[in-house]
Each structure stands twice: as C-alpha cells, then as structure tokens.
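Visitor: Swiss-Prot lists 21-96 with the feature DNA-binding region, giving sequence analysis as the kind of evidence. Taken from Swiss-Prot, the feature Zn(2+) 1 binding site applies to 24, 27, 41, 44, supported by experimental evidence. Swiss-Prot lists 24-44, 60-84 with the feature zinc finger. Annotation comment: Swiss-Prot describes 60, 66, 76, 79 as Zn(2+) 2 binding site. Summarising the annotation, Swiss-Prot assigns region 'Hinge' to 97-126. Among the features that Swiss-Prot reports, domain 'NR LBD' is placed at 127-423. Annotated calcitriol binding site per Swiss-Prot: 143, 237, 274, 278, 305, 397, in sequence order. The region 'Disordered' annotation in Swiss-Prot covers 158-190. Among the features that Swiss-Prot reports, compositional bias 'Low complexity' is placed at 177-190. Annotated region 'Interaction with coactivator LXXLL motif' per Swiss-Prot: 246-264, in sequence order. Annotation source Swiss-Prot lists motif '9aaTAD' at 416-424, citing experimental evidence.
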C-alpha cells in the first residue's frame, strides 16, 4: 500500500486480481475502484472530492496519527484527508462541475450512437432464423459424422500395381437400402415423407442424354477395384441428399417433376459440398472414420475417374475449406445449390427462384450479422463462385460417368440409384 501511495499515475488495472476482494486504502472498507488515482470506497471518494472543492482545512484533536477505519472514519477528518493524500489521491483528477456535465453528455451521446448503430445493424428475421434452424436440423438428420454406415457398403479393394490387396471386410454385405434396388413405382407425390427415397422415384422423368463420344480407352476391370465401394458410397450419399432436400423450406411446394429435375441435376454437386466436411488439407484426402475409409486421389482413379475431374475437385475442396464457413452458411449453400431455377428441364422457374432468393437473402443477412471480419469480406461472392465451380465439376463428372457407364462390365457394378440419377439405365 505504501508503494501505491508513492505513485502519481493510474495503476494498471491488470495488476489486480479480479477474484481478490478490493480494499479501500483509506478506511479498509470494500473498494469500488480507482478514484482520483487510488483504490477507495465510495465514501472516501466523496469525502476527498468535497474536501478539495471546499479547500477545507481540518485539525486533528489528537496527535495527527489517528488510525482510520470503516467505523471511525467520520471521527477525524484531518487524519482521513491525510490518509487520502498518503495513498496517492490527487486533486488534479477531480473534474469541475462543467467537466462532469460534459462527461455525462459524452457518455449519453456514446450510448445513443451505439443504440443507433445497433438499430441499423442487419438482423436475422424470425423467418430467417427458422429457415436456418430447419436446415441445420435437416443436415444433422442426414449427415452422420461418424460414418458408421460405411461398413455396410461393398468393401473397399485397393489393388496395387504390384499385386492385389484383399478387401478389408470380406464379409461386408451390400445392403439393399443403399443400392436402391426397390421396384415400387413412383407415387403421385414423388417426394415422400420417409427419410429414404428409392431409385424408382426418378423413373417418371424421361432423360435425354447427348450422344457421347466413344471412349478412347477401355478401362480394365482390375483398374476399377474401388468402383463397387464408391458406387455404394455415392448411392448412399444421394439418398441423404434427397432427405436433406425434402426438408428445405418451400421444396415440397414444387411439383414432383421439378423436385426430380433439381435433385438429379444437383446431386453430385451437393455430394461434393458435403464431402468438404471430411476433407483434410494435410494430405488432400477424405477421412471418413478409420483407415479403410480414408479416400485418396488414387482411390478415386480406381473408380474410373481421371485427373481432369480429380484435380479441379481437389482445388475446389481446398478453396472451400479455406473459407472457414460456419455450419449455418454451409447448409444454406447446399440448399441454394439444390434450389436453382436455371437447371435444364425445370417447369416453374419463377417459384424455384423465389425459394432460392429467400435462401440467398438469409445467407447474406447471416454473413453480415454473424460472420466477423476479415472472414466475412466478399464471403457471399466467394460462396456463389463455388457454386459456379460446382457446375464445371458436374459437367466433367457427367462426361466421365458416360464413358464409364457405356461399358456393361462397369455399369453392372453401379447401383440402380446411381444409374437412374446420373443417366439412362444401361440395358
């Protein structure tokens, strides 16, 4: 306390532990903070200010060294004032009445400015908050971060140049629910209330495929050891995308035909978007649980895809990862991707555009409200650019899929749902 008394400057508040009770340096009562350059209670603060303003002169009736406590601080004003000076209280810190008034006005003005800024700051409406909550719930219900279902796919087989490797789970079975083998016909309401949708739900849509150039190289079956497993993975992912899409606010208002068109045209794009959650920039791989389900570029090539697709896909995944999207932004981007009015074959483009506009406005408002700078700078524009990148990836995927599916020995390894969504079923 003596060291504090010798100081003529404001002590650093960081030097004091907030958890330690603060004591008035004059009387030992509970202190309320630094007043006039010393830690004091409200009583001694007021006493010092009044004494300095009145230029009061006090005389001690005793020896001039009274011990000042909370109980007797009113008994000897001279020793109390002396104690105030001893601990470092300075009259230069006392504001005049005019200065006090100006300070109060400044504080009031600052509060008013903050209130005005707060009122002008964009806020998510109740409807927008509801949209985000629904999409988050839809994503959580249709995306399993533990990837526990992967063991039910046909097992991954990684054949090396020097010889074959055995599947990690020889007895793993290919579950019908993942392969889309259902033979039931499409109902009037194509998007049903169930979480899963079988491949026949798309059967009413007459697909028009462009004539594809004959593949220049016939793929060897030994080079496609990962095709069965990844076909099951994609089939499973398509079902999850369908489940997510059904919960997008406004999606069920569309006709069954438009729902099918949107799902077929966006499925691979949304799968690529979703896969970013498992993408790791350290080794440019997708890690879905244990090492059996860690997918590298070599695994994708063993499913029949070339670097013309894989290289831009990796670039896309890295760029998307670097945006550090919030989960709310991620689910909104997926929904916007699905509900795109410019997909070929849609009938009610105006209604689809209205739904997408509502989602886009929600995303822009969320970024302004909840995504702090510098990450929010041009974030919406960057996210829309990612959708454009996905269109290019989709186009390249379609080319490579057609090359693959025109080979009967390859198409046999695909699931009915994959065949139905990505192109005409090969007979």
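For all residues, glycine too, the Cβ spot is worked out from N, Cα and C.
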Visitor: Does residue 237 (calcitriol binding site) have same-chain partners at least 6 apart in sequence with Cβ under 8 Å from its own Cβ, and which are they?
Guide: 271, 274
Visitor: Highest Cβ count within 10 Å among the binding-site residues 24, 41, 44, 60, 79: which residue is it?
Guide: 44
Visitor: Report the same-chain neighbours of residue 305 (calcitriol binding site): residues 6+ apart in sequence with Cβ closer than 8 Å to its Cβ, ordered by sequence.
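Guide: Residue 305 (calcitriol binding site) has long-range Cβ partners 397, 400.
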Visitor: Within 8 Å of the Cβ centroid of the Zn(2+) 2 site residues 60, 66, 76, 79, which other residues of the same chain have their Cβ?
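Guide: Checked against the 8 Å cutoff, the neighbours are 61, 62, 64, 65, 68, 75, 77, 78, 80, 82.
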Visitor: Fill in the CA-CA distance, residue 79 (Zn(2+) 2 binding site) to residue 44 (Zn(2+) 1 binding site), as an integer in Å.
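Guide: On Cα coordinates alone, these residues lie 12 Å apart.
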Visitor: I'd like to know the mean pLDDT over the zinc finger (24-44).
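Guide: Across the zinc finger (24-44), the average pLDDT comes out at 95.
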Visitor: May I ask which of the binding-site residues 27, 44, 278 is closest to residue 66 (Zn(2+) 2 binding site) if we compare their C-alpha atoms?
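Guide: That would be 27, the closest of 27, 44, 278 to residue 66 (Zn(2+) 2 binding site).
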Visitor: Please report how many Å separate the Cα atom of residue 41 (Zn(2+) 1 binding site) from that of residue 278 (calcitriol binding site), as a whole number.
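Guide: It is 57 Å, counting Cα to Cα.
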